[in-house]
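Asks: Pulled from Swiss-Prot, these are the listed features:
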- 8-28: transmembrane segment (TRANSMEM)
- 35-55: transmembrane segment (TRANSMEM)
- 78-98: transmembrane segment (TRANSMEM)
- 104-124: transmembrane segment (TRANSMEM)
- 159-179: transmembrane segment (TRANSMEM)
- 203-223: transmembrane segment (TRANSMEM)
- 235-255: transmembrane segment (TRANSMEM)
- 271-291: transmembrane segment (TRANSMEM)
- 297-317: transmembrane segment (TRANSMEM)
- 374-394: transmembrane segment (TRANSMEM)
- 408-427: transmembrane segment (TRANSMEM)
- 449-469: transmembrane segment (TRANSMEM)
Amino acid sequence: MTITPQQLIALLPLLIVGLTVVVVMLGIAWRRDHFINATLTVIGLNLALLSLYFVGQAGPMDVTPLLRVDGYSMFYTGLVILASLATCTFAYPWLVGYPDNREEFYLLVLIATLGGILLASANHLASLFLGIELISLPLFGLVGYAYRQKRPLEAAIKYMLLSAAASSFLLFGMALLYAESGDLSLAGLGKSLQENMMHQPLVLAGMGMMIVGLGFKLSLVPFQLWTPDVYQGAPAPVSTFLATASKIAIFAVVMRLFLYAPAADNEALRMVLSIIAVCSILFGNLMAISQTNIKRLLGYSSIAHLGYLLVALIAVQTHQLSLETAGVYLAGYLFSSLGAFGVVSLMSSPYRGPDADSLFSYRGLFWHKPILSAVMTVMMLSLAGIPMTLGFIGKFFVIAMGVSAHLWWLTGAVVLGSAIGLYYYLRVTVSLFLSAPEALQRDTPNNWALTAGGVVVLISAALVLLLGVYPQPLITLVQMAQPMF
């Protein structure tokens, strides 16, 4: 097939990130310089982000049978690149004191970003699987990057073994669907499934196995057991990527899959998804209550947040508002998580081994670093869904969509989960303002707000507050980011 200039423009983010991977690889081979390779990575990701403007000018199109570039893919590509940029920014000071090779970290983040961009544009089960593997494989290395410590190594092994099992379920499910429908493209699959095939045992088994595989990647109950251990064990900048870019990219492709394949029309599958959503919301929130480790707490809370998003997924076939809900919620979740994990990254350094992730480390932070603790407070309030924050707008959309789609049980679970969530988010917030322990040593530099990581954290906090008060620009952007049919 011949590729036109228009199609090349549509693939610009993918091509630029791919080229950056090659450039950084050659840079590492030529000369090991942490600053140069980090700068090349950030320049490449910024160019990929800027190229989305030109992609928008080219208009929506099917570049190949595997990739569909439209407003929807551009929006989620933008979110993934922003998360990757933030990860690299937080990682730079964290890696400065790292005793081993530092440059490969950026290479792995770039390859995972490539997978995220591929997932955002995936229009075929083959590109879906390739994207998921491309985002998962570098994460094994990233999670265990501080391999001299026991925790990251243990987290990497757990994540690798369970991820391999989940991928095999996903692939087996795809094979069963292909055996029944004879098509791997999402549109062709949807067309086959609409012709009264949703009750075929092979199709139900295939969809069930795919839900198992994708449920693991999104850390939904009962496939969530790896989440708190991996979040706690992974270095703070890696936990940032795991919580944001990885989840957003995979949820975007699952949403597109459900748009075509009428899985939620089948009563049995709809019931299974509803049970998974309710269990994820309740389990995530209830388990987070007793946590004393902030990364572990955020890991459990991410299970609950994906449970809330599942409400939008269940209604995606019947309700136009569900796409808008997912977009607004994921944008709010991205900025809130970047801020929260960013503060943990700024508080941590590999000089003394483990990250500053114990809740005790944050006790009385306000009296030493008032602006940093104010940022953390804003992020916790946003994740809890308190009004005047972007998190509230996302929760409002989820509840409004649940009510208009008559999903009463799920809406009730969202309200109950949000009420439980208030307790542990406010627990973190209150600890910031308690009297500080005298013997506690903190690694955060006094000029943290002037560092690149500090700037990212402050911008995230500003966006959470500004879009919480005036969300119309984000809502307009999400409304423009509609998938092409």
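The backbone N, Cα and C atoms fix where each Cβ goes, and this holds for glycine too.
What's the neighbourhood like for each of these?
Replies: Cβ atoms under 8 Å from those of the transmembrane segment (8-28) belong to residues 36-37, 40-41, 43-45, 47-49, 51-52, 54-55, 57-58, 61, 63, 67, 69, 77, 81, 103-104, 106-107, 110-111, 113-114, 117-118, 121 of the same chain, restricted to positions at least 6 beyond its ends.
Nonlocal intrachain contacts for the transmembrane segment (104-124), taken as residues 6+ away from its ends with a CB within less than 8 angstroms of a stretch CB, comprise 13-14, 17-18, 20-21, 24-25, 28, 37-38, 40-41, 44-45, 48, 62-63, 65-69, 72-74, 76-77, 80-81, 83-84, 87-88, 91, 95, 130-139, 141-142, 145, 184-187, 241, 245-246, 248-250, 252-253, 256.
Sequence-distant contacts of the transmembrane segment (235-255), counting only residues of its own chain at least 6 positions beyond either end whose CB sits under 8 Å from a CB of the stretch, comprise 72-73, 76, 79-80, 83-84, 86-88, 90-91, 94, 109, 112-113, 115-117, 119-120, 122, 128, 131-132, 135-136, 139, 142-143, 145-146, 152, 214, 217-219, 295, 298-299, 302, 306, 309, 312-313, 316, 323, 326, 330, 333-334, 337-338, 341-342, 344-345, 348, 350, 355, 357.
Listed by sequence, the residues of this chain that lie at least six past the ends of the transmembrane segment (297-317) yet keep a Cβ under 8 A from its Cβ atoms are 218-221, 224, 227-228, 230-232, 239, 243, 247, 251, 254-255, 258-259, 262, 264-265, 270, 273-274, 276-281, 283-285, 287-288, 291, 323, 325-326, 329-330, 333, 337, 340-341, 359, 383, 395, 398, 401-402, 405, 407, 410-411, 413-414, 417, 421, 424-425, 428.
When Cβ-Cβ distances below 8 Å are used as the criterion, the transmembrane segment (408-427) is approached by residues 274, 277-278, 281-282, 284-286, 288-289, 291, 297, 301, 304, 307-308, 311, 314, 359, 380-381, 383-385, 395, 398-399, 402 of the same chain, each at least six residues removed from its ends.
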Asks: Can you tell me which recorded stretch out of 35-55, 203-223, 374-394, 449-469 has the most Cβ pairs within less than 8 Å of the transmembrane segment (271-291)?
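Replies: Per the Cβ under 8 Å count, 203-223.
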Asks: Report yes or no: does the transmembrane segment (449-469) come within contact of the transmembrane segment (159-179), defined as 3 or more CB pairs under 8 Å with a sequence separation of 6 or more?
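Replies: No, the stretches stay apart by this measure.
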Asks: Please indicate, using numbers and ranges, the residues of the same chain that are 6 or more beyond the transmembrane segment (374-394) and have a C-beta under 8 Å from a C-beta there.
Replies: 301, 305, 325, 328-333, 335-337, 339-340, 342-343, 362, 365-366, 418, 421-422, 425-426, 428-429, 432, 457-458, 460-461, 463-465, 467-469, 471, 474
Asks: Mind pulling out the one from 35-55, 78-98, 159-179 with the most Cβ pairs under 8 angstroms to the transmembrane segment (203-223)?
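Replies: Result: 159-179.
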Asks: Could you pull out which residues elsewhere in the chain have a CB under 8 Å from any CB of the transmembrane segment (78-98), counting only those six or more residues past its ends?
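Replies: Same-chain contacts beyond the flanks: 13, 17, 34, 38, 41-42, 45-46, 48-49, 52, 105-106, 109-110, 112-113, 116-117, 120, 146, 235-238, 240-241, 244-245, 248-249, 330-331, 334, 338, 341-342, 345-346, 348-351, 451-453, 455-456, 460.
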Asks: Are there residues at least 6 beyond the ends of the transmembrane segment (35-55) whose Cβ is under 8 Å from a Cβ of it, and what are they?
Replies: 9-10, 12-13, 16-17, 19-20, 23-24, 27-28, 69, 74, 77-78, 81-82, 84-85, 88-89, 91-92, 103, 106, 109-110, 113, 117
